[in-house]
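A quick write-up on the structure given underneath.
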Amino acid sequence: FHFAELPEFCSPAVDEEVPLFSNLDLFLFSLIVGLVIYWFMSPSITLYLRFNYKKQKQFGKNIIVFYGSQTGTGEEFSNRLSKDAQRYGMKGMAADPEEYEMGELARLSEIKNSLAIFCMATYGEGDPTDNAQDFYDWLQENDDEDLSGLNYTVFALGNKTYEHYNAMGKYVDKRLEELGAKRIFDLGLGDDDGNLEEDFVSWREQFWPAVCEHFGVEALGDESSIRQYELKEHTDLNMNKVYTGEIGRLKSFEVQKPPFDSKNPFLAPVTVNRRLNKGGDRHLMHLELDITGSKIRYESGDHVAVFPTNDSTLVNKLGQILGVDLDVVISLNNLDEESNKKHPFPCPTTYRTALTHYLDITHPPRTNVLYELAQYASDPKDQENMRKMASSSPEGKALYQSWVLGASRNILAILEDMPSLRPPVDHLCELLPRLQARYYSIASSSKVHPNSIHICAVVVEYETATGRINKGVATNWLKNKLVTDNGHKSTVPMYIRKSQFRLPFKTTNPVIMIGPGTGIAPFMGFIQERGWLKQQGKEVGETVMFFGCRHKNEDYIYQEELEEAEKNGVLTQLNVAFSRDQEQKVYVQHLMKKNKEDIWKLIHSDNAHIYVCGDAKNMAKDVQTALHEIGEELGGMTRTQATDYIKKLMTKGRYSQDVWS
């Protein structure tokens, strides 16, 4: 109810005596008060509108699985858990916390044998995922909330190479207990640096028996596949009603309307696509996306998210091997009519569109997909192996690790290497996870390029143990986004994801930037911005860059721009490590140790801000170790004190990381 929507009335002549409130004002005021009272006093309305608990109660749903998901894995796990519930005579639903009023969480206790499961991923530097941000804020702000009737458990998704391993899952688990909720099974910790799938399967196999014991229920013993969606083929549908790759609204790629976000991306024309490296067998590239007229705003340090499509060769091969007409128009409709999720991806659409735009066909499939597809293998040995790989037996885990993960077999490779396995394409489409947006650190400053977003990336391509060539979905798709393709402008569906990776508010603060390889991306934006500030006559602190690559004559990317910035005094120090140009490998951390006096002075005396971007597994850790050693040597600290010193810089926002593994 928006006051802006009330009709406008002509104002009366100034000299007429007007009552303070007109009849219309009084009527509207009474109506609003009445609605407010009705809203708070009527539990069924509150439950139905604000949290769907009424719906949950009415249709016998007693398990709700909330997910905090950035790349789709948390959502995938929550769907698997809600589906599992049926095997134990319960009914589950997966739920996006962003779409619910989490303040009504306590009302779950009104439903018999109810349980809230939280599959929570951690994003960036210990942050909640975008869709769990409001829930996180609510947990932090509501100390007086009473959740004493709530049964819960948490499975956390994280990566050990990051500083704040599984921070979000651990926080939710601890905070729910503090607010009085009852933990019915231990927190599960999934590590994507190891084997996240294995961690999840092992936790889940112990979790369900604990649920059965807690609620006094038994497994139904039904291990058969449970379909969630039913196929409907459309023969006479108007093609204007068919999705052709749109993420949200139908025809949103034809008629673009701001604001642009993850559900409504902007189609940005590609204005530049050039190779950055002068030689070598890799392909490093620089792209520029035009955002003129989109009203999109960004800051240096933000991420651009792009929605790639799968390689048409892979899609066609899948169609051939399964013997299907990929251009049939279909819908997959949820068998649970009360579910909020009507389809696994936008429908109606064609199999070709689903396999090109909506489904992930390049990652090795998870064990639940193998388990569900096993029934379609005509060879009993294949069936047995697929079920074994989906089990938690040591032999099964080892087989999945070597045959699927170790060999990097995607779904096409599995079908090619298992000729007896020919599942119906609709069931395969139901089981495959959604193709996710990919995030890149923006390599430009909006102060210098307000209508352009720059991307710096390396094309992923490698040979697998089976001799196949696997190609990274997004980087190969971007590589082929030529400025004009058959006379048409190439476009990239994109939106901006805000980041905490920011230049210091005070321009006089020195900055130390450490970013080898494509980790230089955000620093190109930082350098542009510091240069622009200088041009505006602002006093700018020292700007120090540590960059690294393999060979000076091959992959020293942005060499001209960096050397120009140094010449103009925008970069006060440019340190470049060429790791393979001499016998002994030299990396950025070695150059830092060489410049330890300068670094220590900037950090300890001059209030410098440190930024690290690139590989989380080795580089980011080695950089931190180098700083610990500098603290010990020049700050007279013990290793523990030096570690605490760097941790404090992180807490104060003076040490920021934008890293990936």
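Cβ coordinates are placed from backbone N, Cα and C, and glycine is handled just like the others.
Just so you know, TrEMBL annotations are computer predictions that nobody has curated.
What TrEMBL says about this protein:
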type     : residues                                                                     : note
TRANSMEM : 26-49                                                                        : transmembrane segment
DOMAIN   : 63-208                                                                       : domain 'Flavodoxin-like'
BINDING  : 69-74, 121-124, 157-166, D192                                                : FMN binding site
DOMAIN   : 263-504                                                                      : domain 'FAD-binding FR-type'
BINDING  : R282, T518, S579, R580, K585, V586, Y587, V588, Q589, D622                   : NADP(+) binding site
BINDING  : R438, Y439, Y440, S441, C456, A457, V458, Y462, G472, V473, A474, T475, W660 : FAD binding site
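Counting residue by residue with DSSP, the domain 'Flavodoxin-like' (63-208) contains 65 helix, 35 strand, 46 coil.
Looking only at the domain 'FAD-binding FR-type' (263-504), the predicted model's pLDDT averages out at 97. If you compare every pair of Cα atoms in R438, Y439, Y440, S441, C456, A457, V458, Y462, G472, V473, A474, T475, W660, the residues listed for FAD, the longest distance is 23 angstrom. Rounded to a whole value, the Cα-Cα separation of Y162 (FMN binding site) and W660 (FAD binding site) is 8 Å.
Counted over every protein chain shown, other Cβ atoms within 10 Å are most numerous around A121 among the binding-site residues A121, C456, V458, A474. Long-range Cβ neighbours of Y587 (NADP(+) binding site) (same chain, at least 6 residues apart, Cβ-Cβ under 8 Å): P516, G548, A577, S579, M619, D622. Closest in space to Y165 (FMN binding site), of the binding-site residues given as R438, V458, A474, K585, W660, is W660, taking the CA atom of each residue. Per-site Cβ counts within 10 Å over the binding-site residues R282, R438, K585 peak at R438. The subset of binding-site residues (S69, N159, K585) lying with their Cα within 10 Å of the Cα of C456 (FAD binding site) is empty, i.e. none. Residues R282, T518, S579, R580, K585, V586, Y587, V588, Q589, D622, recorded as binding NADP(+), reach a greatest CA to CA spacing of 24 Å.
The Cβ of W660 (FAD binding site) has G614, D615, A616 as same-chain neighbours under 8 Å, each 6 or more residues away in sequence.
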